[in-house]
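Pulled from TrEMBL:
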type	residues	note
DOMAIN	6-353	domain 'Aminotransferase class V'
BINDING	R43	L-glutamate binding site
BINDING	W102, T152, D176, Q199, N241, T242	pyridoxal 5'-phosphate binding site
MOD_RES	K200	N6-(pyridoxal phosphate)lysine
Amino acid sequence: MLKRPFNFSAGPAALPEAVLQRAADEMLDWHGSGMSVMEMSHRGKEFISIYEAAERDLRELLAVPSQFRILFMQGGGLGENAVVPMNLSRGGAVDVVVTGSWSKKSLKEAQRYCNAQAAASNEVSRHTALPATSQWRLRSNAAYVHVCSNETIDGVEMHTLPDLAALGCAAPLVVDASSHILSRSVDWSRVGLLFAGAQKNIGPAGVTIVIVREDLIGHALAICPSAFDYQCVADNQSMYNTPPTYGIYIAGLVFQWLKAEGGVAEMDRRAQAKADLLYHTLDHSGGFYANRVAHDARSRMNVPFFLADETLNDAFLAGAKEAGLLQLKGHKSVGGMRASIYNAMPLEGVQALVNYMQDFARRHG
Ligand code: PMP
């Protein structure tokens, strides 16, 4: 097979080639069933076995404790921005830590359902540094505290989850981990609920993973649609309505691939190596390239960067495409470039990118 280009899309993002190949092999006839997974009833034994394996593997990969339920939902991260307050807020106070574009959106959406406020914001730094936890203004009556642990657009990552108890806050922590789930382990003692859209580090768009502590289930507002009431979803093994079956199947293949590659500990190690290589290149480019995020808040998954001479942007992108390096254009709200280097991106891909960047800088410096 021809070597495929390296795809740096922020999402939907590259999937492991082995997963795509296996899905292709199984497309017309899954395991002798005579059916494509797309053609199976979600209540049949074939799909139930796919679903159960996916859930089991995800629980194992992230060491999810038994008092947490894993739900496979729909509606994406933006859907959860409404679904979480509808399920957890009880219409009361909710504190949101604003660290970038996505948590800002979460705050705005939550305000439609409850008394949501920013507990802190890094807007003054244009989302390039994390507000210190000591500065967070957390309300004692908050139903939960929301953070986005990796801001996909701004390239800002919390390298550890906040310990709310240590801050004197008894509220559960809600984490939007959409763009770095499965790149590191999760300290579940600090988490009440964690959600993630699948289309970055898991599988195709359309699947939303929600991992929620059992005691937080069963308090939905009356206006919450049944299909988004965690109680209803949990009671029906994520099959109250027809789940995104094919997306769950591909997610399951990714989980098997992750296990075979060495699990989350290995992804963590690789993420560090890839990020170190790319940031080192940016920081040692003599100012040709720059990443503006504070060093202790730099994302290992999404690396925005700028060329000092922005008139070279189009040439940079065109040359990258020719070199087999795709989708490096930055988000329109930030500009410049962005390299997303999720689990499926091999170190070899980042090496190819930095080789291209250095060569481009030599030619245009
Ligand atoms: N949260 C984060 C951190 C994201 O990166 C994204 C998508 N880029 C979203 C939420 C929104 O996800 P969706 O488009 O699936 O609603």
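Even glycines carry a Cβ here, placed using N, Cα and C.
Location within the structure of each feature annotated in TrEMBL.
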residue: R43; record: L-glutamate binding site; DSSP (3 states): coil
residue: W102; record: pyridoxal 5'-phosphate binding site; DSSP (3 states): helix
residue: T152; record: pyridoxal 5'-phosphate binding site; DSSP (3 states): coil
residue: D176; record: pyridoxal 5'-phosphate binding site; DSSP (3 states): strand
residue: Q199; record: pyridoxal 5'-phosphate binding site; DSSP (3 states): coil
residue: N241; record: pyridoxal 5'-phosphate binding site; DSSP (3 states): coil
Binding-site residues close to ligand 1 - of W102, D176, N241, only those whose C-beta is under 6 Å away: W102, D176
Count of other CB atoms lying within 10 Å of the CB belonging to T152 (pyridoxal 5'-phosphate binding site): 27
Cα-Cα distance linking T242 (pyridoxal 5'-phosphate binding site) and R43 (L-glutamate binding site), given in Å to the nearest integer: 9
Largest tally of Cβ atoms lying within 10 Å of a Cβ, found at which of the recorded positions W102, K200: K200
For the domain 'Aminotransferase class V' (6-353), the mean pLDDT of the predicted model: 98
All-chain count of other Cβ atoms within 10 Å of N241 (pyridoxal 5'-phosphate binding site): 15
Pairwise CA distance, T152 (pyridoxal 5'-phosphate binding site) versus the residue listed as 'N6-(pyridoxal phosphate)lysine', rounded so that it is a whole Å: 10
Nonlocal neighbours by CB distance (under 8 Å) for D176 (pyridoxal 5'-phosphate binding site), same chain, sequence gap 6 or more: G77, E80, W102, S103, S106, H146, V147, C148, S149, F195, A196
Count of other CB atoms lying within 10 Å of the CB belonging to T242 (pyridoxal 5'-phosphate binding site): 11
Densest Cβ neighbourhood among R43, Q199 (binding-site residues), 10 Å radius: Q199
Whole-number Å value for how far the residue listed as 'N6-(pyridoxal phosphate)lysine' lies from N241 (pyridoxal 5'-phosphate binding site) (Cα to Cα): 24
Farthest-apart CA atoms of W102, T152, D176, Q199, N241, T242, residues recorded for pyridoxal 5'-phosphate, distance in Å: 30
